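Q: Pasting in a structure now, in C-alpha cells, and then I'll have a few things to ask.
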C-alpha cells in the first residue's frame, strides 16, 4: 500500500470516529485494509469501500444494492455475531498472512481473535470477487437504503 493511501485511510478512520461520536480507540481497520489489498492484489484502494452502497462503511440499513454491498452486510452481521460472543471486533488484533491466493488467518488460538480474523478474511475475499459499480459509491442512503 502506498503511504498516501495509508494517510487517506487514517483520515477516514478518524473522521468516522468523530462522526459516530465515540471516543478514539484502537481499531483493527488497518489490518482489515491490508487484508482487502491482499485479496484484490492492490487493484482498488481500500477507501473505495468506505462509502459504498447501504452497508460498506459505518452502519448499514435496508436492502443491499449489489453483491459487493451484500459482502459488507455479511461482514456487519459477522461482527454482530462476534459481539454476541463477548468479542470486540473493532479492537481485535490478529495474526494473518498474505499469500499468492489471498489472505489467511495464521496460528490464532484465542477464540475472539480467530472469529474476527475469519470475518475479515471472508469479507476481503468477497470484496475481491464482487464487481465494483462506481454508481453505488457515495449514494444517497436516505433514499436508496430504506
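Quick reminder: no glycine exception, Cβ is built from N, Cα and C everywhere.
Residues or ranges marked as active site by Swiss-Prot: 75, 120. The Ca(2+) binding site annotation in Swiss-Prot covers 55, 57, 59, 76. Annotated disulfide bond per Swiss-Prot: 38-98, 54-145, 56-72, 71-126, 78-119, 87-112, 105-117, in sequence order, evidence recorded as similarity to another entry. The signal peptide annotation in Swiss-Prot covers 1-19 and is backed by sequence analysis.
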Q: Cβ within 8 angstroms of the Cβ centroid of 55, 57, 59, 76: which residues besides those meet this for the Ca(2+) site?
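A: Not counting the recorded site residues, we get 54, 56, 58, 60, 72, 73.
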Q: DSSP three-state call for residue 57 (Ca(2+) binding site): helix, strand or coil?
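A: The residue in question, residue 57 (Ca(2+) binding site), is coil (DSSP, three-state).
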Q: I'm trying to understand the geometry here, so how far is the Cα atom of residue 119 (disulfide bond) from the Cα atom of residue 59 (Ca(2+) binding site), in Å to the nearest whole number?
A: 16
Q: Across all the protein chains here, work out how many other Cβ atoms are within 10 Å of the Cβ of residue 87 (disulfide bond).
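A: Its Cβ has 20 other Cβ atoms within 10 Å.
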Q: If you measure residue 56 (disulfide bond) to residue 126 (disulfide bond) at Cα, how many Å is it?
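A: About 12 Å separate the Cα atoms of these two residues.
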Q: Quick check for you: of the recorded positions 72, 105, 112, 120, which have their Cα within 10 Å of the Cα of residue 57 (Ca(2+) binding site)?
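A: For residue 57 (Ca(2+) binding site), the recorded positions whose Cα atoms are within 10 Å come to 72.
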Q: Work through the recorded positions one by one (87, 105, 120) and name whichever has its CA nearest to the CA of residue 72 (disulfide bond).
A: 120
Q: Counting Cβ atoms within 10 Å of each candidate's own Cβ, which of the disulfide-bonded residues 54, 117 comes out highest?
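A: Selected residue: 117.
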